[in-house]
Every structure is written in C-alpha cells, then in structure tokens.
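Below is one structure, written out as structure tokens; comments come after it.
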Amino acid sequence: MTSGKLYRLSAIAAALSIAGCIFAPQSMIQGYLIAILAVIQPALGCLFLVLLFQTTGGRWGKKLLPALLAGNAFVIPSLLALIPILVFVPTIYHWSDVGDRAIFLNRIFYTIRWAIYFMVFGGLSFAIRKGKQPGAGGLIVFSLVGYFFAIDEVMAIDPKWYSSGFPVVFMASAALMAMALATLTIASDESEPLAWRDIGGLLMAMVVFWSYVAFTQFLIIWMGNLESEIGWYVKRGTGIWLAISILIAVFNLFVPFFLLLARSIKDQARRLQKVAILIFGCQVIYLYWLIAPSFGNRGISGAHWIDPFIIIAVISFSGGRFMNSYQHSIRENI
C-alpha cells in the first residue's frame, strides 16, 4: 500500500474517531494511548535492533538497516505524541487508593520519568541518525530504561497489579514488531537468499522468545494464584478476551513458527513478507489485549467501538510517514 493510500485511510478513520469523541471523550483518550503505543513499540524495537546490529553485525542487519533506520526516526515523534496523555493522566491512570505505591505512582514523578524516557530514547535515536554507534553501552541503557517505560505506560493502568516479568514481555513484543515491520518493508528485494534465511531464522527466534516470556509470566502468576495478581489474567480469560487469547496463540505462535520452519518460506522474500504481516497484525491485537481490559470505566469487557478507528488512523498515518522515511533512508545508504 502506498503512502498516499495510507494517508487517505488515516483521514477517514480520524474523522470517525473525532465524531466518536463527542459521545465518548474518555474512551477516545484511552484508545489514543493504545494507538500511540502501537507506534512507539515498533519504533523502540527498531532502535533496539539497530543497537544490536551495531554490537554484533551480520547479514540480517545489513539487509534490514534502511527499514530499521526509518523506524528509528519515529522514536522522538512518537514519544512527543504522548504529551496529551500527560494532560489527561487521571483519565487513564487511576492511581487513587494504591497505598505505598503512591510514592512512585503520582503525576509529578510520572512526568519527570517521561522526560527521562524522552531524553534517553530520543538521545540514542538522535545519535544513530547522526551516524554514531552507541553499541553495547546503548543496549544496556536502553534495556534499563525500557523496563521502567513498560511499567509506567502499560502496567500502571492497573496500579494494583504487578509483574516483574511484564516489561520483558512488552519489550520482546516491541523487538518482534520491529523485525516483522522491517521484513515486510524490504521484501520487494528478492536478492541474497542467504540473508533472507538469516532474517527468517531470526524472526522465528523472536516469535519463540516472545512466546516463552509471555507464557512464563502467565504460568508463574497462575501457579502462585495470588488474588492481587491472578485477577489480571481472569479478566483476559473470559468472554471475547478468551477468544482473542486463543487467536493470538494460534496466529502469533503456532502458525508463524511452523511456517518459518520451512526453508521454502525463509528463502522467498514474498512468502516471508506474508508471515511478517501476520505477525505484525497479531502483535497490534496483542497490545490491545494487554491494555483494553484494564479500563474499568468501559464496563465488563473494557473494549470500545471507537478504538479500532483511532488505532487505524494513527497506524495508517504513521505508516505513510514510515514509507517516506524508508525511501529517504534508502537514498542516504546508496
């Protein structure tokens, strides 16, 4: 899909979202957070993969670098897009009656931490765009700051729930989204089958790692069976969320895993592109599954009809900008 078509799709979805704001302003802000995180996740994932490539090298990185650099260019704009969330913090983060966690979960400290995230992630992204190589040191800083970013932006929506493994799941999802995005972007190039085999193998490894950390978190919490922890999964194990859980497991783990086992898939760029599209789409649904059930003001399910329009509007607009950035990145690397 061309950038022009993506912009037109974004305009239509945005118009419907604005119309929906009249009837459900609170739900629109909550949907906006999900949509922006659907852009921030792959952007941070691209930053992570560029840092990883600078540290390790490899055929996969040389092939994917233009797309990864294009995604990295979104780190600063997407973080700035969180500023409206700072204004509407009470609409999303219900931090009342959180006991001793109020020391960490308060509006002033949250704003300070957002500024730190912006400076660290933005600084690493800017350094890469200027030709610097933060490398291994950048990876360490990214991992530490990314851990708290996941807590603040997603886990804190339900302030009474906590999991030390959740930030790892969130960042593993970010890396997987970035890998899928880069793969589907450059799949028009059919050359270097060995590089595609490396990319397919790495994509499968990321699918397995994300699945492992997500299932491990679930298993530990389920076996512990503590009321303060298990409720988070109970919400996501009933009604429509149970059906979505099954779909995510099937189409974001089993189907991609078995497809990527086949060399005929990994050696063909076009076939690999279709798998990458499936993975990226399922990860967006997974992000929605992580966040939406925690919005208690929306009723039992937590879902709202306005969410798909906001998500489509933001992702389509960002996709158009990404395609332009990718073309610019290719010209710079010729």
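Keep in mind that glycine also has a Cβ here, set from the backbone N, Cα and C atoms.
TrEMBL has this to say about the protein:
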- 7-25: transmembrane segment (TRANSMEM)
- 31-53: transmembrane segment (TRANSMEM)
- 65-88: transmembrane segment (TRANSMEM)
- 108-128: transmembrane segment (TRANSMEM)
- 135-156: transmembrane segment (TRANSMEM)
- 168-187: transmembrane segment (TRANSMEM)
- 199-220: transmembrane segment (TRANSMEM)
- 240-262: transmembrane segment (TRANSMEM)
- 274-291: transmembrane segment (TRANSMEM)
- 303-323: transmembrane segment (TRANSMEM)
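The stretches the transmembrane segment (135-156) and the transmembrane segment (199-220) do not meet in space: the count of Cβ pairs below 8 angstroms, excluding pairs fewer than 6 apart in sequence, stays at fewer than three. Listed stretches 7-25, 199-220, 240-262, 274-291 were compared with the transmembrane segment (303-323); the greatest number of C-beta pairs under 8 angstroms is found for 7-25. Non-local neighbours of the transmembrane segment (168-187) in the same chain are 41-46, 48-49, 63-64, 66-68, 70-71, 143, 146-147, 150, 154, 199, 202-203, 206-207, 209-210, 213-214, 217, 269-270, 272-273, 276-277, 279-280, 283-284, 286-287, 290, 322, 326; each lies 6+ residues outside the stretch with a CB under 8 Å from one of its CB atoms. Here the transmembrane segment (240-262) has long-range neighbours at 200-201, 203-204, 207-208, 211, 275, 278-279, 282-283, 285-286, 289, 293, 301, 303, meaning same-chain residues at least 6 beyond its ends whose C-beta is under 8 angstroms from one of its own.
Sequence-distant contacts of the transmembrane segment (274-291) (same chain, six or more residues past either end, CB-CB distance under 8 Å): 33-34, 37-38, 41-42, 154, 157, 170, 173, 176-177, 179-181, 183-184, 187, 200, 203, 207, 236, 241, 244-245, 247-248, 251-252, 255-256, 259-260, 265, 307, 311, 315. Here the transmembrane segment (7-25) has Cβ contacts under 8 Å with residues 31, 304-306, 309-310, 312-314, 316-317, 320 of the same chain, all six or more residues outside its ends. Away from its own ends, the transmembrane segment (31-53) comes close to residues 17, 60-61, 64-65, 67-72, 74-75, 78-79, 81-82, 84-85, 92, 121, 124-125, 128, 134-135, 138-139, 142, 146, 149, 153-154, 170-171, 173-179, 181-182, 280, 283-284, 287-288, 291-292, 304, 306-307, 310-311, 313-315, 318 of its chain (Cβ-Cβ under 8 Å, at least six residues beyond either end).
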